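Right, one structure below, let's go through it.
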Amino acid sequence: MPLSLYNTLTRHQEPFEPLEPGHVKMYCCGVTVYDYCHLGHARSYIVWDVVRRYLQWSGYQVRYVQNFTDIDDKILNRARQENSTMQAVSDRFIQAYHEDMQRLNILLADVYPKATDVIPEIIQLIQTLVDQGYAYAVDGDVYYAVDRFPDYGKLSGRQLEQMQAGASGRVDDTEPKKRHPLDFALWKAAKSEELSVYQPWDSPWGKGRPGWHIECSAMVRKELGHTIDIHCGGMDLIFPHHENEIAQSEAATRADLAHYWLHNGFVNIQGEKMSKSLGNFKTIRAFLNSGVDPMMLRLFVLQAHYRKPIDFSDETITAAQHSWQTLQEGLRFGYDYGQQLRWEDYQDSSFGDPACMRIPDSGAEIERFRAAMDDDLNTASAIAVLFELAKELRREGNLISHAGQPQLDPQELRSIWQTLVCLAQVLGLEVSPETEVTADDGLSEAEIEDLIQQRQAARKAKNYAEGDRIRNELKTKGITLIDQKDGSTKWIRD
């Protein structure tokens, strides 16, 4: 079955057919850089990172573009509050964005255009819309006339009279200069109170700065051309942002902006939509700095279908931690047991690198993984395949620790492990030789070994009661100790 994707534009799941065979042009709306990224951003960029990875794994050459909105009222307001400048604020949070995404193992985009990089292209695009009658200038501002574009509303499925102005929080629907409440700004005249934080740009309509929506239209056009394959973002961007992008770009070029529009679902916190007003707003860095493994967060996001809402709660995070431990143990299998199984390349520097592994193009697990991903990127079903492989490796690891040898042939185990590692990398789930497995209760390998040493010391001192207490404590936490004939102690997870 070929890859099929749910297209917001058509409201149907459709076979994916790129404009140019073997090549994909993909644009993702990036962040407005006035604050640290939150968990909603984490979900969105993890999802689109996986889409890109899967397309590349499937043989496509993907050009992936993701912008930064570095001109916006929110940035200007923060700059004024901090007695800083728009550029200083945006530079700081662009750097913070990259730090957060690196921790989440999100691949770098091919290019990160900024709105400030494309001011000439923005002005040219606005002029085209004015010349063609889709936009009008009033006192230094330029507005898009939504009633001039017959297809306005086709992405969100709304009629013009059903829409609510100001849905983005960036539009003043009471502005008397506008002909229609839904008309939106393409160019904003400079205001005296803003001049201390940014230098306005010259334009045919006077000094000012671009509006939010026109920035993306100009960046898509410059980096990818008039028509692209995939345009993606969060569901909150469907209206008005993506609706307005379509209106601008398609009015100017007379061509479809994108063939496939993909949108990920919302993030809820303890059952409520995450928002600053409710006080349940969580940033990525604060969440990860609390001790959460970034790969666990990534796994948590991918265990739900990308179009459905997900709920961050104590219960769901705990469940995800348990799931990551299981998968982590499977991914570490080669590092933990490769030498004991006498895999010939164990000492090679490339050992464990998925790019250097040779796995078959077909096989039951690979075909099931591919079928899941081809079905509108069903990562939940794809991860179920990974868990089956990881649990099998976990059982074999317990046998090696307990009996000294596995049940399966070492080369068969090697094939299972390499398949798991390679498929997990398609989802961006990775470990390294230095990765330390953390038990469900929070005990690290080092902590377990320390307790074992305490037990051995107690037994050496003939304090058998203390030794039994430590053994029982570990047992309640899912750790079984196996005393060896030579006096050493091995441990396995139950």
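Along the chain as shown, residues are numbered 1 onward.
Every residue gets a Cβ built from N, Cα and C, even glycine.
Per Swiss-Prot, the range carrying the annotation motif ''KMSKS' region' out of 83-87, 238-242, 273-277 is 273-277. When the candidates CYS28, CYS29 are compared with the Zn(2+) site entry in Swiss-Prot, which names CYS216, HIS241, GLU245, the shared residue is CYS29.
From the options 31-41, 42-52, 108-118, 130-140, the stretch Swiss-Prot describes as motif ''HIGH' region' is 31-41. Around GLU245 (Zn(2+) binding site), the C-beta neighbours below 8 angstroms that are at least 6 residues distant in the chain are HIS213, CYS216, SER217, VAL220, HIS231, LEU257. The motif ''HIGH' region' (31-41): residue composition by secondary structure is 3 helix, 2 strand, 6 coil, according to DSSP. Counting only residues at least six positions away in the same chain, the Cβ atoms of GLN66, ASN67, CYS216, HIS231, CYS232, GLY233, GLY234, LEU237, HIS241, HIS242 sit under 8 Å from the Cβ of CYS29 (Zn(2+) binding site).
Here the Cβ of CYS216 (Zn(2+) binding site) has 27 other Cβ atoms within 10 Å, regardless of which shown protein chain they belong to.
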